[in-house]
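Asker: So TrEMBL lists the following for this protein:
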DOMAIN    15-249  domain 'UCH catalytic'
SITE      Q101  site 'Transition state stabilizer'
ACT_SITE  C107  active site, nucleophile
ACT_SITE  H181  active site, proton donor
SITE      D197  site 'Important for enzyme activity'
Amino acid sequence: MSESGNPDVPQNRKRFVPLENNPEVMSALVHKLGLSEKLAFHDVFSIDDPDLLAFVPRPAYALLLIFPVSDTYENFRVQEDKEKTVYDGSGPNEEVIWYKQTIGNACGLIGLLHGVSNGEARTHIGPESSLEKLIQDAIPLKPAERADLLYESQTLESAHQAAAATGDTAAPAAEEKVDLHYVCFVKSRTNHLWEMDGRRKGPLDRGELGADQDVLSEKALDLGVRSFLKRESEAGGGDLRFSLIVLSPSLE
């Protein structure tokens, strides 16, 4: 099959134990790699109830959407990617740093890396940290070589392994096929909302935001998460299980 027809990692490639959909686990992982503890991940319990949304610390730098891969989503992905060329960006002038996923069950890790590598969150990475070194090594590389960098990183693998062993539920085996997928929305330095997904042909520009609008603003939600939910709902009978986790200032 073509890349857009079957973007999943082949079974013979390295596979990780899936990361639990848990803000504490995610925060511990990125803090271990070098993100400042001034930022953390938080659950978003509603995008329509202002009272519940008010509990989320702002500004929101990255938004993770976790959902089961449905036929509706796959059909949309194939159609949208069909006319797109494979992304080939690299270098210091790249608007966003995008990582292609070549490790099985690592979409959670890829989502986290997209969240901390881009936008304002990137300024909160320790200058001598493993994460800073990884990003600096990744910047000059084309996507295939960048994916190899992540694939070969023992630091990343050990940090992920430690995080996957924690959490509230028993982790599935690395060989197990997991239907949940992570997509990350970030705001670039030019105030555009980007959808970052390692299963796609590259990063997706979803539209322009105002300078004062973060990834949880009404406009960002309309351009990103709500568009996704609307497609699934209109398809009828879709699996609407989904979760949202945001990277924003710590509560402490």
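Glycine is no exception: its Cβ is also placed from the backbone N, Cα and C atoms.
Keep in mind that TrEMBL annotations are predicted by a computer and have not been checked by a curator.
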Asker: Sorry to bug you, but what's the C-alpha spacing from C107 (active site, nucleophile) to H181 (active site, proton donor), rounded to the closest Å?
Answerer: 6
Asker: Applying a 10 Å Cβ distance cut-off over all chains shown, what neighbour count does H181 (active site, proton donor) have?
Answerer: 20
Asker: Output, ordered by sequence, the same-chain residues six or more apart from C107 (active site, nucleophile) with a CB under 8 Å from its CB, or 'none'.
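Answerer: In sequence order, the residues whose Cβ lies under 8 Å from that of C107 (active site, nucleophile) (at least 6 apart) are Q101, H181, Y182, G198, R199.
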Asker: What are the sequence-distant neighbours of D197 (site 'Important for enzyme activity'), meaning same chain, six or more residues apart, C-beta distance under 8 angstroms?
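Answerer: Expected: H181, V183, C184, L204.
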Asker: Which whole-number mean pLDDT does the model give the domain 'UCH catalytic' (15-249)?
Answerer: 92
